[in-house]
Amino acid sequence: MTNIRKTHPLMKIINDAFIDLPTPSNISSWWNFGSLLGLCLIVQILTGLFLAMHYTPDTMTAFSSVTHICRDVNYGWVIRYLHANGASMFFICLYAHMGRGLYYGSHAFRETWNIGVILLFTVMATAFVGYVLPWGQMSFWGATVITNLLSAIPYIGTTLVEWIWGGFSVDKATLTRFFAFHFILPFIIMALAIVHLIFLHETGSNNPTGIPSDMDKIPFHPYYTIKDILGALLLILTLLMLTLFAPDLLGDPDNYTPANPLSTPAHIKPEWYFLFAYAILRSIPNKLGGVLALLLSILVLALIPMLHTSKQRSMMFRPFSQFLFWVLVADLLTLTWIGGQPVEHPYVIVGQLASILYFLLILVLMPVTSLIENKLMKW
């Protein structure tokens, strides 16, 4: 008799995706982040569901309802901080996952990569609307500043902003619709993640060498299930340490002040995971130019498959490209730091140089270096 997991229509799908999936035997721990992102998404949906049971999306009561969750709901403070810090863990895993994809040439899987870029946009949108919900000072002013950027669009800009706001300023209508978006988007992310996996399993996973490994595949279970469990335990440990020992480490103290349209915070800045994009936005003195640069800083990822000029897929055997990759990582860390600093000398010029370097690396230096490496390899 054939095993039920190989015959039952539903079990067969799970079996082909997580049990009997042929996997390269040499993938490193950098390949753990996909499953960790799945875990983060589950944690966020569960904690978010319990928060939604007690939260009220109304300007008069939103801030109080979050306080009520922390003070009066059984373990409400744990759920709230797991959700807030879970978002940070989500982005850490996301950026590591993308960095691994860039380094090892995973963008050769065009469909998988493009769905990944769409996923990144969706996750960023979810995090943005979610940050508005506690209705603190930074929530309110962050929403005002970022939505206002759309007014830079010629002709329809102002109308578009007022349409998103549901009025002439960020108010009750804005908060209500942002809550609705924040509730629906994670399920859209889940659907996209499944599509991401479907496309990945069409080709099979890449591996550190970038060389096809069809002749050397091993079953996903038990080898990689156990490896993923180790990663999951480390992720949960880090999240719990953050939540229980330093819950406000990555947050902004301004968000403990209720939203006040009459008082602007000294420094309006997003959560740490958006600071690199915020720094690029601020580095251009023109509003429309800044908005375009902000969009392009993420959209440029969709161009990476077309900018891949090397004859080798992975950077494993390409030392010059490796160097530029780590320069890019350092540049993004610099931009993240600059995004959190006030707009004054020398931060402005450093931010502008880091922004130029970011686009220069991806669009010019890395493709040209790959061509030079091709020549050095006497191909």
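The backbone N, Cα and C atoms fix where each Cβ goes, and this holds for glycine too.
According to Swiss-Prot, the heme b b562 binding site annotation covers HIS83, HIS182. Residues or ranges marked as heme b b566 binding site by Swiss-Prot: HIS97, HIS196. Residues or ranges marked as ubiquinone binding site by Swiss-Prot on the basis of similarity to another entry: HIS201. According to Swiss-Prot, the feature transmembrane segment maps to 33-53, 77-98, 113-133, 178-198, 226-246, 288-308, 320-340, 347-367, an assignment based on similarity to another entry.
Sequence features annotated in Swiss-Prot and their locations in the structure.
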| residue | record | Cβ contacts under 8 Å, 6 or more apart |
| --- | --- | --- |
| HIS83 | heme b b562 binding site | GLN44, THR47, GLY48, LEU51 |
| HIS97 | heme b b566 binding site | PHE33, GLY34, LEU37 |
| HIS182 | heme b b562 binding site | GLY48, THR126, VAL129, GLY130, LEU133 |
| HIS196 | heme b b566 binding site | THR112, ILE115, GLY116, LEU119 |
| HIS201 | ubiquinone binding site | ASP16, ALA17, LEU21 |
Do at least three C-beta pairs under 8 angstroms join the transmembrane segment (347-367) to the transmembrane segment (178-198), pairs 6 or more apart in sequence?
no
Which bits of the chain, at least 6 residues beyond where the transmembrane segment (33-53) starts or stops, bring a Cβ under 8 A of a Cβ in it?
69, 79-80, 82-83, 86-87, 89-90, 93-94, 96-97, 100, 182-183, 186-187, 189-190, 193, 228, 231-232, 235-236, 239
Residues from the same chain, set at least six apart from the ends of the transmembrane segment (226-246), whose C-beta lies under 8 A from its own
29, 32-33, 35-36, 39-40, 43, 78, 81-82, 85-86, 88-89, 93
Tertiary contacts of the transmembrane segment (77-98), defined by C-beta under 8 angstroms and 6+ residue spacing from its ends, are 30, 33-34, 36-37, 40-41, 43-44, 47-48, 50-51, 66, 69-71, 116, 120, 123, 127, 130, 235, 238-239, 242-244, 247, 250-251, 271-273, 301
Cβ under 8 Å to the transmembrane segment (320-340), counting only same-chain residues 6 or more beyond its ends: which ones?
99, 102-103, 269-270, 272, 274-280, 282, 310, 347, 350-351, 354-355, 357-358, 361-362, 365-366, 369-370, 372-373
Where does HIS196 (heme b b566 binding site) sit by DSSP, helix, strand or coil?
helix
